[in-house]
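S.K.: Copied straight from TrEMBL:
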type    : residues                                                   : note
DOMAIN  : 26-262                                                     : domain 'YjeF N-terminal'
BINDING : 76, 77, 78, 79, 80, 145, 146, 147, 148, 149, 150, 151, 183 : (6S)-NADPHX binding site
BINDING : 77, 141, 186                                               : K(+) binding site
C-alpha cells in the first residue's frame, strides 16, 4: 500500500511553493495521521478548530467583528466549527451555533456540552433571520469538508443559499458579515472548486493540513493554512511543500496579503474608562501599575520605548530602545555614547519617551531632562549582559558607516577568540547609561470612536518639593 500511496502522490501539484491535495490524497494523509502516527480524531479536531479561531483573530478583531455564527454540518468539518467557536468565545467574540443535524457520538455531544456550559446560544434553522447580514459580523461555514460527496440536502442546501445570497456583490449592504470557510467552501467540488460559479465565495479560507486542489480557485482576500501538526514523516512521504509557521502561531497566511487602503485602516478601541479618581497621585506609581499590566498581559517587550532626541540643528530623531530601569529618580536605558542620540543628548540634554502597549490600547509619553548614569552603574549593568551582547558593544562603532556585514562578523569572531577563556570583557568607555528625569507624563487609553482618555501629569517645584498636577486633555 505504501508504494501505491507514494506513486499516487507523484502527481501532487505545487503552486507558489505550496502543495495542493486531491480528495483522495487528503483522505490518505488523514488515514496516515490517525493510523500509524497515533493521532486521534479529537486531537486533530481540537488543533484544526484552534487553527481556524487563530486565523480569524489574525484578521477580524473583536472590536469590529464580535458576533460570530458558526453553521456546523454533521461530520468532522462541523466538529472543527464547534471547537473554533469555543476558542473564539475565549478570544472575546460572541459566538452563536447553528447545528441542525447533531451527531450522537460522544466526541460531538461533549463539544456541545462545552459550548452550552459557556452559555453559547444554539439556534435552530427556523430561528435564523432570512437575511443574516444584520445579526452577525462573521459567518463560519463548517458544513462540509473534503470527504463530502453529492449534492447538499435540506436543511444545508438552504443554509448554503443564504451564504450565496450574501456573496452577490450588487446586493451586499454596507457592513455585511464576512464568510469564513473551513478547509472547503461548502458546495464546492474538492478539486474543481466552484464549478457553476454560483456557490459560496468566502472572504477567508482556512485550509487544514494542506490546501486542497479547489483552494487554487479561491479568490478571497485571506487564505490561511492551519493544523500545525504535520510531522516530517508525512511531509517527506507525501512530498508536501508547506509554508513555515511563524513563532508559536497555529496558522500561516498563504499568498500575499490583500492590497489595503491605508487611509481606511482604523481601530475602534474598546477599553475600560480611565478616570482621574482612579489614578495614582504619583505618575511613577501609575506608570508601574500600567507596566505591570503589560507584563501580566504577556505583551512582547513591554519595556520597548521610542526615544526622541533633538540636536543643536533642531532636527528631531527617534529610535526604539529598551527600558532597563525605572524608579523615583527616572527612566534608565543604555547605549553607545558616540551614537547619534548620544551626540544629540550632549548638545541638548532633553528627550521624550513613548511606550505603546497595543494589546491594552494604552500609551505613555514621558518628557524630561537627561543625564548620564554613574560609571559604576554602567559597569554593573554591562557585566550583567550576555557575553555576546558585551562583545557587540565593544565591536560596534555605533551609527558609523561600515563596508559590509562581514567586517562586523570578523571583528566579533576575533574578539570572541580573544576572550574565549571566560576572562572579564572590559566595558568600552564610550558605552553606558542615561537617566531621564521626568517633568511631564501623559497616559492615553484608547476608547470607542476615538473619544480617548488622556491624563497629563505636569510637575512644579513647591518649597523645594516636586508637586504633580493632573489634567484631562481633549482627545
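Glycine is no exception: its Cβ is also placed from the backbone N, Cα and C atoms.
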S.K.: Roughly how wide, in whole Å, is the group 76, 77, 78, 79, 80, 145, 146, 147, 148, 149, 150, 151, 183 that binds (6S)-NADPHX, by largest Cα to Cα distance?
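M.R.: In whole numbers, the farthest two Cα atoms are 21 Å apart.
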S.K.: Minimum Cβ neighbour count within 10 Å among the binding-site residues 80, 141: which residue?
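M.R.: Candidates: the binding-site residues 80, 141. Fewest Cβ atoms within 10 Å: 141.
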S.K.: Among all chains shown, work out which of the binding-site residues 78, 150 has the most CB atoms within 10 A of its CB.
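M.R.: Its Cβ has the most other Cβ atoms within 10 Å: 78.
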S.K.: Go through 146, 148, the listed binding-site residues, and name the one with the sparsest Cβ surroundings, counting other Cβ atoms within 10 Å.
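M.R.: Sparsest of the binding-site residues 146, 148 by Cβ contacts within 10 Å: 148.
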S.K.: Within the chain of residue 77 (K(+) binding site), which residues six or more apart in sequence place their C-beta under 8 angstroms from its C-beta?
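M.R.: The list for residue 77 (K(+) binding site) reads 142, 143, 144, 145, 148, 182, 183, 184, given in order along the sequence.
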S.K.: Take the Cβ of residue 186 (K(+) binding site) and count every other Cβ within 10 Å, whichever protein chain it belongs to.
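M.R.: Other Cβ atoms within 10 Å of residue 186 (K(+) binding site): 26.
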S.K.: CB neighbours of residue 76 ((6S)-NADPHX binding site) within 10 A?
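M.R.: Its Cβ shell of radius 10 Å holds 24 other Cβ atoms.
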S.K.: Cα distance, residue 141 (K(+) binding site) to residue 150 ((6S)-NADPHX binding site), nearest Å?
M.R.: 18
S.K.: Between the Cα atoms of residue 141 (K(+) binding site) and residue 78 ((6S)-NADPHX binding site), find the distance and write it as a whole number of Å.
M.R.: 9
S.K.: Distance between residue 186 (K(+) binding site) and residue 146 ((6S)-NADPHX binding site) at the Cα atoms, whole Å?
M.R.: 9
